[in-house]
Every structure is written in C-alpha cells, then in structure tokens.
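Per TrEMBL, the features are:
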TRANSMEM  7-29  transmembrane segment
DOMAIN    12-135  domain 'EamA'
TRANSMEM  35-54  transmembrane segment
TRANSMEM  66-85  transmembrane segment
TRANSMEM  91-112  transmembrane segment
TRANSMEM  121-140  transmembrane segment
TRANSMEM  146-168  transmembrane segment
DOMAIN    151-288  domain 'EamA'
TRANSMEM  180-204  transmembrane segment
TRANSMEM  210-234  transmembrane segment
TRANSMEM  246-265  transmembrane segment
TRANSMEM  271-293  transmembrane segment
Amino acid sequence: MAEKYKAVFSLGITVTLFAFLAIIAKSLVADTPSVIVLFLRMVFAFFAFLPFLLKSKVWRKKHFKDLIFTSVFSGINVTLFMTGIEFTSASVSQLIYAAMPVLTILSGLILFNQKFSKTRVTGVVIGLLGIVFIIFRSAVEMGETITGSLSGNLLITIAMLSWLTYVLRSKKLSAYFRPVEIGSVSVTVGLIISILLLAIRLLINQTVPALSLPLLLGALYMGVLGTFITYILLQYAIKILSPLTVNLTAYIQPIITTFLAVIILGEKLTVNFIIGSLFVFMGIFLTVTMEFINR
C-alpha cells in the first residue's frame, strides 16, 4: 500500500511539472519555431538520460524491439504537442488530454471486452461530447480565445491518442524494464524524430534563429524537469498503478494549466470553454468518481 501512495505522489509531481511545461512551451513557440524548441527539449532530456541508458545496456534485453515500437508513440506525442501548441492555447491543450481517462475505459470495452456499468458508459459519452464541443467551437472562434484553433486542437488530439497508446503499452513493458530504461529509450526515439524534422526544416529554410538565454532556460526546464523527471516518475506510477488510475490525473492538469495560463499568459476564459470543460469533468466524475463512491 505504501508503494501505491508513493506512485500517487509521483503522479502529483508529474502533473504539476507537465502543467508548467505547457505554459513554457506556449511562450517559447510564440517567438521560436516549434521544431527548434522540440529539438532543444529532447537534447537536454537525452543527455540527462544518457548515463542511465549506457549503464543499463537496455538494447540487450529481450523485449527491446517492443520498447522501440512503443517509444515511437511517445515521440509522436511530443512532436505533435510541440507543433500543435503553436496554434492553440496552453489550457485547451491540457483539456484535450483530460479525455484520456474516459478513452482508457473505451479502449477496454472495444479491445479487451471489459464490462462497465451504465454510469461509466454515460460518463464516456458526456466526456467525449465536451472535447468535441471545444474542438469544433474553436473553428468558429478563429483562434481568438482560449479555445484555440481547429488545426492546433486536432494536432493535440492526435498527440493525446498517441500518448494514451504509449501509456497502455508501457504498462505491459513495465514487467520487463525499469522506469528509467523505458524513459531513456522513449527520449532517444523522440530525439531522433526531432533531428529528422530539424533537418527537413533546415533544407527548406536555411536560417537558424538565435538561441537566446530565455529559450535555452525554457528548453532546459522542458528537457530536465518536464521530460527526464516526469518520464521516470510516470513510468514508476505506471508500473505500480493501473492505466486508468494513471490517466485519471489528466483531469487535474487542465485546472492547473488554465490557472497558470490566465495568470502568466493572460489567456481569457470563454463561455464555450467553460461549457466544454463542465461536460468533460462531468463525464469523468460519472465514469470514475461515482464508481469509487458506490464501492
């Protein structure tokens, strides 16, 4: 039981660090191409993981190919997140990730034939309606509010689905690899993807923006605290807890991120955002919280 409390505490730290990462990323991509920010983030994270990667010799383990495949989903997530955040708000990006708990249950229904109560199924529908409402209202509002742009929200949605797949597959791999091993391989794959994207950008646009101190400090935070530390803590939690419990923390993150975005970035809340948020949280409450209360 003590181990589970530690895992929950790890999730709490992860949520907070991810919330700050969303705010910092949104600030940096306003002045710097997202590909550059992504590359710097993965470079700092890779060098933080490098000693552990070399020491573990994880490539010699039996299920290493499965780990590589799973890590691709992590790479897709960070790439599309850094691209999508340029065209949407920090708050709505985290709200989209809040759909992960209900989608975890939905994947259980479809892929694993798990049985869920009517209350949980109702929560899944309501939560997804909230996400769909926010995404399509953003097309009407033309990116002028906290709801973000349609293209940015779609990229974030694909990133979220990739992250969901990564978490679900990581649960199985946690039986064969330590958290730091999964994290190090995931970041290495992410770095390779960022290098390829950077190379393509340099071929198209042969200019590299100046690396300012705020950019480097922001990338340092995202790489070390927002990636290195969070990946280790997240994989530790995945190893101890169920995927649903891990993904449940996603609904706390939009609250923290929105609070920080309003204060730091000056983002404005809209009625549509609040309505969509209420649908999401109502769905999550029905899906998860009511089940615990009934028990």
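Even glycines carry a Cβ here, placed using N, Cα and C.
Automatic prediction, not curation, is the source of TrEMBL annotations.
Quantities reported herein were computed from a predicted structural model and do not represent experimental measurements.
Put simply, of 7-29, 91-112, 146-168, 180-204, 246-265, the stretch with the most CB pairs closer than 8 A to the transmembrane segment (35-54) is 180-204.
Here the transmembrane segment (66-85) lies next to the transmembrane segment (146-168) in space: the count of CB pairs under 8 Å, restricted to residues six or more apart, reaches at least 3.
Taken residue by residue, the domain 'EamA' (151-288) breaks down under DSSP into 117 helix, 0 strand, 21 coil. Long-range contacts of the transmembrane segment (91-112) within the same chain: residues 18-19, 22, 26, 81, 84-85, 120-121, 123-124, 127-128, 131, 134-135, 138, 146-148, 152-153, 156-157, 160-161, 163-164, 167-168, 243-244, 247-248, 250-251, 253-254, 256-258, 261-262, 267, 273, 276-277, 280-281, 283-284, 287-288, each at least 6 residues beyond the stretch ends and with a Cβ under 8 Å from a Cβ of the stretch.
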